[in-house]
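Participant: What TrEMBL records for this protein is below:
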type	residues	note
REGION	1-20	region 'Disordered'
DISULFID	CYS5-CYS128	disulfide bond
DOMAIN	38-119	domain 'Copper type II ascorbate-dependent monooxygenase N-terminal'
BINDING	HIS47, HIS48, HIS114, HIS184, HIS186, MET256	Cu(2+) binding site
DISULFID	CYS54-CYS73	disulfide bond
DISULFID	CYS169-CYS276	disulfide bond
DISULFID	CYS235-CYS257	disulfide bond
BINDING	LEU413, ASP678	Ca(2+) binding site
BINDING	ARG426, TYR547, ARG597	protein binding site
BINDING	HIS478, HIS581, HIS677	Zn(2+) binding site
REPEAT	518-558	repeat 'NHL'
DISULFID	CYS527-CYS548	disulfide bond
DISULFID	CYS593-CYS604	disulfide bond
REGION	743-776	region 'Disordered'
Amino acid sequence: DPGDCPSGIRPDQDFTSSNFSMDIRMPGVTPAEVMDFIPHANMDTVHHMLLFGCRKPSSISSYWDCGGAVGACEDQSSIMYAWGRNAPSTKLPRDVGFLVGKNSKMPYLVLQIHYGDIKAFRDHHRDCSGITLTMTYKPQPFIAGIYLLLSYNTVIPPGNKVTNADVACDYTSFPIYPFAFRTHTHHLGKVVTGYRVRNGEWTLIGRQSPQLPQAFYPTNKDVNVQYGDTVAARCMFTGENMTTATSIGSTSNDEMCNFYIMYYMDRKHAIPFMTCMNPGPKQLFQHIPAEANIPIPVSPDMMHAGHQDSDLYSLISKLLGQSKDIDHIHKYRSNTDLMAHSDSVIQKKDLGSPNAKVVFHPSLMRDRIHKFHQLEATAEPPRSKLLAEGQDFHLEQVSWPLTSLQLGQVSGLAYNTHSYLVVFHRGDHRWGANSFNLQERYQERFLGPIQQSTILVVDPDVGAVMKASGRNMFYLPHGITTDKDNNYWLTDVALHQVFKVSGNGRDRILVALGEAFVPGSDSGHFCKPTDVAVDSKTGNVFVSDGYCNARILKFSPEGKYLNETTGDYLAHFQLLSFIPHSLAFIPDRQELCVADRENGRIQCFIAETGEFVKEIKKEEFGGKVFAITYSPDGLLYAVNGVSPHHSAPVRGFVMNYYSTGILDTFQPEKKEFQMPHDIVESIDGVYVGDLDSRQIYKFTLEKSHRSVKKGGIDVQQLDGKAVGGLNLGNFFVSHRGYTRQGFDQLSTEGSDQERNNDSSDSEYEEFSTLPPRSSS
């Protein structure tokens, strides 16, 4: 009888309060912001419990077997809480809560319990293990989440004294502030340690033996994780007393390697769950601190310590000295004063005294200190095999094409998933000084559309045309990009439009953005749009617009307008003559880089928000950057152009994206680039399309094995940050109005000399998050 267990919602007796509690029990579970987790379980019966937030559960029954392929959630699941080995209660910091409920990303709560020895049920009793949640209707300033690092491919050989499982991912979102961590392995785990790596420096997040109560322990007080950092963890195992190999799996005969980070972040940027399953480069873990390789000794009585016998968090809170009296931080004149006061409190506090008090609000304070910290991306993950091994390489021109290509001005290049080069050219049309009037309207419509095929699919080896399309469609082609379905995203500066065209050669227009021949600056109009970048994960597209508007617009794959970022978003940059001429999407970091042609620089932004990440500006560019392209192994390619103010040669550049250093330059051997207008990375090198010479140049690496295929399995995303859900049951089964706004515009394609003249209190102690040191 499910009624044997006290499941359901129990409102607070004070009806003027916004707080209430909810029981989730086994069996017969009946499923605001969650503030506390109170477990009701014993390790003699329950191995561990996981509380998921789901958009849709795998079953509508009150309880079901969620093992095997069924799982807890039908779609994506977010782990909110985990319990094991008689861990005590968990209470979040003040002003922090997990966002759940009808209008959140987690409208359903599903409790998954992994039971231990079946002998516990010899008396045929009904289990009532579960969790009580303390909840509130009051919105909290900060939203909590879980970042789970886990290994999926570790094998522990029998007899081996030490086997390590390493996990590491780059962090590519808004700052998070870890306040608790939890470790989980089965019986072979000796110690699990997690770190933040920033600029080569390892900072401890947490370290614990997984044989102790698997609670959420307080993290290192001054750690935070921000864009550009690497999050890493190591699980140390022993197979000394084993006779067979042990793999990662969900049964008690398998092993697991999990490091949970419970964090909070600003409410408007909240991400409830992130995963990392990337083994990480060996070079990174060569520098892991020695403590990660030292087992934590655990006595039998410590292994079975329950929350009934020892309130771990009462002890922790006594050490930290959390106070109910909060001084408002607004009274401090600056962050410097605030930090000085905080440091003074920390230095004077007697950690041995249960009555020591902290007189600041930790969560608010840390947010204030870091709210305006600029995102950095200076860390250089050795992702590229070539770069990591320190190998030298050089791009050399090869004789290409081997057959004649009849081309007009080559404005755009792309590379499709079939490894064919796609060329976008202008046939017999040219962009000249009289092509546009002062209002940016195209003046040569009388010529009609280009009658030649403007889109050519070319064999990358010999240069033979495999497929031709795009006749009588375009007037002045500019940029081309292919998506994962091999559709073309194209821009036409005369039409002031962006098109999504089927790549099967039938010229079917799937999406048309903008109004033909009508320039503008609202969400439905462009003014000489230049390029498109596609997020391969979401299918969203970014349009650089362009010669007049100096902005980046974001659209869905179906052409729905999402948002835009204008050049003056960054008030501290002087963006006059800003022309976003070429785009490159960095999928592993979810960044968008822009070739700012007239300022001779590359600027990179967080694609989701438009926030500035970094700028690459080199003397070698000579004041112009026409086009850029990105390689999955961390290389950024660029081509510059002729500038009347600089004498730098026109050539191509190979850069390390993370350090921004120039690794190589390249140019034609016999001729010179006249106006290299676009560049695209291929399997073994790059192609450069030259506008004025109407030629395409091919450059290949002396070491052709540069590209590194990303390993992994098809579960959400394994390389870098994965935002979304993870079904552990499925996982283990399967793996087993137009305005100038101060910007100058160019009336011709290549010269900047012909310009337009226009110019509450609880019996359970809560986590306390101490402020980071000012150096962090």
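Heads up, the Cβ atoms here are built off N, Cα and C, so glycines get one too.
On this model, are these features tucked inside or out on the surface, and what's nearby?
Facilitator: Using a 10 Å Cβ-Cβ cutoff, CYS128 (disulfide bond) registers 16 neighbours.
HIS47 (Cu(2+) binding site): 18 other CB atoms within 10 A of its CB, across all protein chains.
The Cβ of CYS235 (disulfide bond) lies under 8 Å from the Cβ of SER151, THR154, ASN164, ALA165, THR183, THR185, GLY189, VAL191, VAL192, PRO210, CYS257, PHE259, each of these being in the same chain and 6 or more residues away along the sequence.
Long-range Cβ contacts of ASP678 (Ca(2+) binding site) within its own chain (separation 6+, distance under 8 Å): VAL410, SER411, GLY412, LEU413, GLY479, SER582, PHE626, ALA627, VAL639, VAL688, GLY689.
Neighbours of ARG426 (protein binding site), defined as other CB atoms within 10 A of its CB across all chains, total 25.
Every protein chain considered, the tally of other Cβ atoms within 10 Å of the Cβ of HIS478 (Zn(2+) binding site) stands at 31.
With helix defined as DSSP H, G or I and strand as E or B, the repeat 'NHL' (518-558) counts 0 helix, 17 strand, 24 coil.
Of all Cβ atoms in the protein chains displayed, 26 besides its own lie within 10 Å of the Cβ of CYS527 (disulfide bond).
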Participant: Should any of the recorded positions HIS184, TYR547, ARG597, CYS604 have a Cα within 10 Å of the Cα of HIS581 (Zn(2+) binding site), which are they?
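Facilitator: Checking each Cα against HIS581 (Zn(2+) binding site), the hits are TYR547, ARG597.
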Participant: Could you name the residues, excluding HIS47, HIS48, HIS114, HIS184, HIS186, MET256, of the same chain that surround the Cu(2+) site, i.e. Cβ within 8 Å of the Cβ centre of those residues, in sequence order?
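Facilitator: Surrounding the site, in chain order, are GLY84, THR185, GLN214, SER252.
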Participant: Inside 10 Å of the Cβ of CYS73 (disulfide bond), count up the other Cβ atoms and send me the figure.
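Facilitator: The answer is 25.
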Participant: In the structure shown, with every protein chain counted, which of the binding-site residues HIS48, HIS114, HIS677 has the densest set of Cβ atoms within 10 angstroms of its Cβ?
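Facilitator: Counting every other Cβ within 10 Å of each candidate, the maximum falls on HIS677.
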Participant: Would you mind checking how many other C-beta atoms are within 10 angstroms of the C-beta on CYS276 (disulfide bond)?
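Facilitator: Around the Cβ of CYS276 (disulfide bond), 27 other Cβ atoms lie within 10 Å.
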Participant: Among HIS114, CYS169, HIS184, these being the recorded positions, pick the one whose CA is nearest to that of CYS593 (disulfide bond).
Facilitator: CYS169
Participant: Over the domain 'Copper type II ascorbate-dependent monooxygenase N-terminal' (38-119), work out the mean pLDDT and round it to an integer.
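Facilitator: Residues in the domain 'Copper type II ascorbate-dependent monooxygenase N-terminal' (38-119) carry a mean pLDDT of 77 in this prediction.
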Participant: Across the record's protein-binding residues ARG426, TYR547, ARG597, the largest CA-CA distance in angstrom?
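Facilitator: Largest Cα to Cα distance for the protein-binding set is 21 Å.
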Participant: Taking just the CA atoms, what is the gap between CYS54 (disulfide bond) and ARG426 (protein binding site) in Å?
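Facilitator: Counting only the Cα atoms, the answer is 51 Å.
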Participant: Using DSSP, tally how many residues of the domain 'Copper type II ascorbate-dependent monooxygenase N-terminal' (38-119) sit in helix, strand and coil.
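Facilitator: For the domain 'Copper type II ascorbate-dependent monooxygenase N-terminal' (38-119), the helix, strand and coil counts are 2 helix, 36 strand, 44 coil.
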